[in-house]
Amino acid sequence: MVSSRRGFNPIAFTPWPVTILTSLVYLALIIPIIVVHHLVPPAPKQSPPGVDLEEAWHDLQHLTRQYHPYNSHSNDEVHQWLLKRIRAISATTSARSESQGGPEVFVFDDNQTNLTFSSAGVAATAITGVYFESKNIVVYIRGTEDEPGEWWKSPDGEPSGKGGVLVNAHYDSVSTGYGATDNGVGVITTLQLLKYFTTPGHYPRKGLVLLFNNGEEDFLNGAYAYSQHPMSKFTHTFLNLEGAGAGGRAVLFRSTDTEITRFYGKSQHPFGTVLARDAFKLGFIRSETDYHVFDGVFGMRGLDVAFMEPRSRYHTDQDDARHTSIDSVWHMLSAAITTTEGLVSYTGNEFDGDSGEGGKLNNGVGTLGVWFDFFGSSLAVFQLNTLFGLSVALLVVAPLLLILTSVALFAVDKMYMFSMYTYLSESGGQVSLYGLRGMFRFPLILGISTALTVALAFLIMKVNPFIIYSSPYAVWSMMLSTCMFFAWFISCVADFARPSALHRAYAFSWMFGILWVFLVIATVYQRQHGIASSYFIVFYFAGVSVATWISYLELFGLSTTQDYARRQSRLSDRTPSSDSHLLAPSADELPSSGSVAGRDFNPEDVEDEEPTESTSLLRGQQRTTFANYASARGSQESNISNQGSSLLHPKNNRLEQKWSIYLVSSAWILQFLLVAPIVLILLGQLGLFLTSATYQIGADGGSQFIIYIGIAVLSVLILLPLFPFIHRFTYHIPTFMLFVLIGTLVYNLTAFPFSHNSRLKVAFVQEMDLGTGKNQASLVGVEPYIRDIVHAIPFVNDEEISCTSKGYGGRTKCSWPGLRPTVVDGPYKDWVTYNISQTKEDKTTRFEVSGKNTRACKLLFDSPISDFHVHGSVVDKRIPHTGSKGVSEVRLWSRNWENTWTVDVEWTKKSAERTGRVMCLWSDDNDLNLIPELDMIRKFAPWWVAITKLRDGLVEGSYSFKL
């Protein structure tokens with residue numbers, strides 16, 4: 001007797017190898033992707049030369065002791081502390097410079113620059129005008145190849161030589177956050193860059209400008225003001241350090257071009273994908289960073305590196321040093337050192353080219369890029385043109401290759417796919433090939449599993465739409481398990497009813513066709529809109545194309561359809577009875593050692609072998625119940641595992657098409673490895689990145705349905721590489737996925753959506769009508785939770801609460817009479833003083849505005865004005881301060897407290913009623929009882945609530961006017 005285990009094939013297309021190998025590959029890739037996404041690489045135990053991590057951490061703790069928005073006294077304290085730290089580092093450098101020839105360091109405390117510009121609005125609406133006075137700190141480290149002299153002291157001075165490098169970080173925080181990651185880590189990183197590039201061995205070849213800008217949180221004011229500083233003429237490239245989350249890894253948000261991105265790609269732990277840049281470009285991400293000014297206004301070339309999650313801590317009291325880590329500091333710092341070092345050491349002329357339009361700098365022209373990281377350890381960077389060329393090549397070559405292969409198969413008479421019958425050339429008799437069996441199985445499996453997965457998105461949105469806010473992985477698990485289980489279940493039912501050896505080939509063919517259409521759309525967007533996020537489709541399609549081609553190549557190993565028809569005809573002639581199917585051998589009867597009774601094995605001999613009294617009467621008969629499927633299939637695999645030839649198709653040739661006995665049993669593993677790994681790496685990263693960027697936008701009024709649909713679609717795309725093989729899975733993993741589905745579905749439908757680590761953000765503002773004494777405190781948040789929060793505040797009567805959702809972008813504003821704030825000593829009517837006067841021609845109105853204990857006021861107009869001018873202000877033709885639809889609001893910022901602004905306003909001809917409000921703002925909440933209503937909310941609001949600011953001021957005091 002021949003051993004039953006002889007010739008076992010561990011990669012045969014049988015249930016256990018398929019289940020185990022595919023599961024191992026998925027786990028081996030998904031687990032590292034999740035780990036890399038959430039765990040920050042550890043900081044070195046000993047600080048590298050040129051930096052001091054312990055010092056950096058102490059600086060971060062000092063910087064984040066208080067809220068320090070621009071309109072606060074603590075902001076002045078931070079400003080003075082930064083100057084002290086910068087000068088201390090510079091003094092060490094100066095002493096070293098005298099003895100070792102170190103670089104010169106120049107510190108500019110910018111207390112003179114101002115600018116009038118517009119900060120928001122589009123052509124179809126009135127815009128917001130801004131007047132801002134700078135409190136920026138600019139540090140220039142002269143490069144070893146920079147021209148000597150102090151050209152900036154001359155009013156018309158211009159830099160010579162190659163352009164320098166700018167590193168920017170804003171040091172103001174919001175009024176409700178300590179600013180540890182937004183943007184304390186960026187500030188501390190910039191301080192350490194000053195130390196690093198003034199340390200021997202690290203001196204920059206090109207000049208380095210470090211900008212500590214103030215006023216970013218109030219619509220990028222500090223970056224706009226930098227446009228008026230002399231150093232803005234010198235810097236051609238930039239690195240912007242920012243924070244839109246609270247901890248984790250620093251992400252490459254955006255980059256202007258391929259060439260600049262390559263410098264970041266050399267960092268030790270690059271992290272990011274071009275998807276973020278495209279999201280900004282398409283308007284899916286509306287918040288902006290200083291990158292917008294440096295790129296869009298100045299025409300500089302550079303990068304935007306920022307923290308991105310969790311957004312529930314962003315702009316709240318949990319954006320503090322306790323909720324970040326030295327590892328996060330090092331991740332940003334190490335990337336900044338590598339990127340900046342590459343830029344200041346670059347000697348080419350790539351960033352010194354022709355002048356841009358609109359007075360932009362001479363920065364040359366870059367190429368749009370594509371980038372994505374691999375497990376946070378390397379960065380793939382290439383041009384969008386390369387991606388476009390590859391896309392076009394695949395769109396043409398891949399279908400052509402399949403067509404030529406199909407023609408060749410027809411030519412050699414081996415095209416079993418798409419063929420129901422063949423005809424004997426001798427007699428013209430018809431022989432069934434069953435080549436269409438399983439042809440429409442894949443769209444059925446894909447359609448039903450996708451529909452059920454998407455249906456869950458609708459269900460969650462209907463019952464518990466905010467569950468993703470705190471439990472994104474519960475949502476992912478639910479979607480993945482739904483798709484996985486139902487795809488397997490439908491596949492098994494179809495395979496039980498109509499087994500087909502062509503399931504793999506047809507599945508890949510359908511995938512090929514669907515992805516080809518997706519690639520056409522992606523290619524159009526690449527060319528016409530510069531959208532590069534479709535890179536995963538290109539690689540997905542490439543893998544599927546080769547896998548599909550392999551399925552076609554497998555058919556060359558079969559006999560011709562004519563030879564098969566002749567054998568079947570001879571068999572039919574010898575056994576004309578209705579029981580002729582008994583002549584088909586069972587799996588046990590196939591030889592295990594390549595021979596039968598001492599002679600060479602030939603499948604034709606087996607087919608012609610007569611049944612005997614010892615032949616099983618049940619072999620080859622169709623299964624009749626699904627209950628018998630598992631045992632029949634398990635017995636079948638057990639028998640097949642004992643066969644001697646690894647090239648024979650593993651299933652009983654009666655259960656699938658008889659000609660399939662010659663199909664290569666191991667080809668499936670090559671197909672799987674061509675598709676699954678690259679899909680998991682690219683889509684896994686994209687899925688987690690999208691989740692991190694969007695899963696908490698619901699608190700800001702964003703559509704959560706898009707998030708659920710996105711996860712559902714990504715779940716299908718991630719599992720799609722399994723679909724050609726999933727009918728071979730054992731029941732164990734799908735059954736486990738069913739339990740996961742049930743558990744996560746119940747949890748997602750019933751669990752409370754917020755937690756201590758994922759608090760719901762609501763925005764606060766208190767509005768004082770100084771003319772009438774009306775005092776309204778307000779919270780803005782999402783329904784129905786905003787009403788529960790307001791009702792939890794003591795001394796607020798239900799009949800006094802008024803709520804409206806108009807004009808708040810999916811959120812609701814609930815207001816009630818609040819406790820009087822004490823942001824100013826004295827009667828509230830004295831908080832704001834103003835005077836309005838008309839010119840003789842009645843074309844211009846002059847406003848004189850001042851507020852006590854503040855340096856921020858604004859003018860609001862019920863009808864847009866055509867123009868305005870702030871006395872003593874500078875205007876820049878690169879940055880228009882008015883628009884075709886006029887100006888509806890003028891914001892006034894001063895570096896001095898209780899300043900008086902003089903503003904001349906020109907009215908449009910349509911301004912029949914000249915009405916509006918004169919308003920001043922107060923943003924300092926570092927002491928108790930300054931804003932007692934806010935103190936009350938913080939004390940009595942539910943534990944799952946976080947307070948953030950609604951607008952620039954926590955308290956707004958205003959007078960109405962009518963001319």
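The chain as shown is numbered from 1 upward.
Glycine residues also receive a Cβ, built from the backbone N, Cα and C atoms like all the rest.
On a predicted model such as this, the values are computed, not experimentally measured, just so you know.
For 16-36 (among others), the entry in Swiss-Prot reads transmembrane segment, with the evidence type sequence analysis. Here the transmembrane segment (16-36) has long-range neighbours at 9-10, 375-376, 637, 668-669, 672-673, 676-677, 680-681, 684-685, 688, 722, 725, 728-730, 732-733, meaning same-chain residues at least 6 beyond its ends whose C-beta is under 8 angstroms from one of its own.
The feature topological domain 'Vacuolar' is assigned by Swiss-Prot to 37-391 (among others).
Annotation source Swiss-Prot lists N-linked glycosylation site at N111 (among others). The C-beta environment of N111 (N-linked glycosylation site), restricted to residues of the same chain at least 6 apart in sequence and closer than 8 Å, consists of S134, K135, R895.
A 10 Å cutoff on Cβ-Cβ distances gives N114 (N-linked glycosylation site) a total of 17 other Cβ atoms nearby, all chains included. N114 (N-linked glycosylation site) falls within a strand segment according to DSSP. Among the features that Swiss-Prot reports, N-linked glycosylation site is placed at N114 (among others).
Annotation source Swiss-Prot lists Zn(2+) 1 binding site at H170, D182, E242. Reduced to three states, the DSSP call for E242 (Zn(2+) 1 binding site) is strand.
With a cut-off of 8 Å between CB atoms and residues at least 6 apart in sequence, the same chain places G177, D182, G243, A244, G245, A246 near Y314 (site 'Transition state stabilizer'), listed in sequence order. Summarising the annotation, Swiss-Prot assigns site 'Transition state stabilizer' to Y314 and lists similarity to another entry as the type of evidence.
Taken from Swiss-Prot, the feature transmembrane segment applies to 392-412 (among others).
Non-local neighbours of the transmembrane segment (442-462) in the same chain are 468, 475, 478-479, 482-483, 486-487, 490-491, 494, 503, 506-507, 510-511, 704-705, 708-709, 711-713, 715-716, 720, 723-724, 726, 745, 748-749; each lies 6+ residues outside the stretch with a CB under 8 Å from one of its CB atoms. Among the features that Swiss-Prot reports, transmembrane segment is placed at 442-462 (among others).
Confidence annotation: the topological domain 'Vacuolar' (463-473) carries a mean pLDDT of 97 in the model. Taken from Swiss-Prot, the feature topological domain 'Vacuolar' applies to 463-473 (among others).
The feature transmembrane segment is assigned by Swiss-Prot to 474-494 (among others), with sequence analysis given as support.
The annotation transmembrane segment is assigned in Swiss-Prot to 505-525 (among others) on the grounds of sequence analysis. Within the chain, the transmembrane segment (505-525) has long-range Cβ neighbours (under 8 A, six or more residues past its boundaries) at 388, 391-392, 394-395, 398-399, 402, 417, 438-439, 441-443, 446, 531, 534, 537-538, 540-541, 544-545, 547-548, 551-552, 554-555, 671, 720, 723-724.
Annotation source Swiss-Prot lists topological domain 'Vacuolar' at 526-535 (among others), citing similarity to another entry. Residues 273-275, 277-278, 281-282, 368-370, 372, 384, 387-388, 391, 518-519, 682, 686 of the same chain lie 6 or more positions beyond the ends of the topological domain 'Vacuolar' (526-535) yet place their CB under 8 Å from a CB of it.
Per Swiss-Prot, transmembrane segment is recorded for 536-556 (among others). Residues 387, 390-391, 394, 398, 401-402, 405-406, 409, 412, 414-417, 504-505, 508-509, 511-512, 515-516, 518-519, 522, 663-664, 667, 670-672, 674-675, 678-679, 682-683, 686, 717, 724 of the same chain lie 6 or more positions beyond the ends of the transmembrane segment (536-556) yet place their CB under 8 Å from a CB of it.
Annotation source Swiss-Prot lists region 'Disordered' at 569-618.
Residues or ranges marked as transmembrane segment in Swiss-Prot (evidence: sequence analysis): 669-689 (among others).
Residues or ranges marked as topological domain 'Vacuolar' by Swiss-Prot: 690-705 (among others).
Within the same chain, residues at least six positions away from E242 (Zn(2+) 1 binding site) with a Cβ under 8 Å of its Cβ are A169, H170, D182, N183, G186, F253, T289, D290, Y291, D304, V305, A306, F307. Among 392-412, 474-494, 669-689, 706-726, 474-494 has the largest number of CB pairs under 8 A with the transmembrane segment (733-753). In the three-state DSSP assignment, the secondary structure recorded for D182 (Zn(2+) 1 binding site) is helix. The two recorded residues, N114 (N-linked glycosylation site) and N835 (N-linked glycosylation site), show a Cα separation of 23 Å. Within 8 Å of the centroid of the Cβ atoms of H170, D182, E242, where the record puts Zn(2+) 1, the same chain has further Cβ atoms from A169, G179, N183, G186, E216, E217, L241, G243, A244, T289, D290, A306.
Under DSSP, the residues of the topological domain 'Vacuolar' (463-473) split into helix, strand and coil as follows: 6 helix, 0 strand, 5 coil. In this structure, of the recorded positions H170, D182, N835, the smallest number of CB atoms within 10 A of the CB marks N835. Note: the topological domain 'Vacuolar' (526-535) comprises 5 helix, 0 strand, 5 coil (DSSP; helix = H, G, I, strand = E, B). With a cut-off of 8 Å between Cβ atoms, the residues of this chain six or more beyond the topological domain 'Vacuolar' (463-473) that come close are 312, 691, 695-696, 698-699, 704-705, 707-708, 747-751, 753-755, 757-758, 760, 782, 785. Counting only same-chain residues 6+ beyond the ends of the topological domain 'Vacuolar' (690-705), those with a CB under 8 A from a CB of the stretch are 37, 275-276, 279, 285, 308-312, 457, 461, 465-466, 468-469, 472, 476, 711, 714, 758, 760-762, 781-782, 808-811.
Counting residues per DSSP class in helix, strand and coil order gives 11 helix, 0 strand, 5 coil for the topological domain 'Vacuolar' (690-705).
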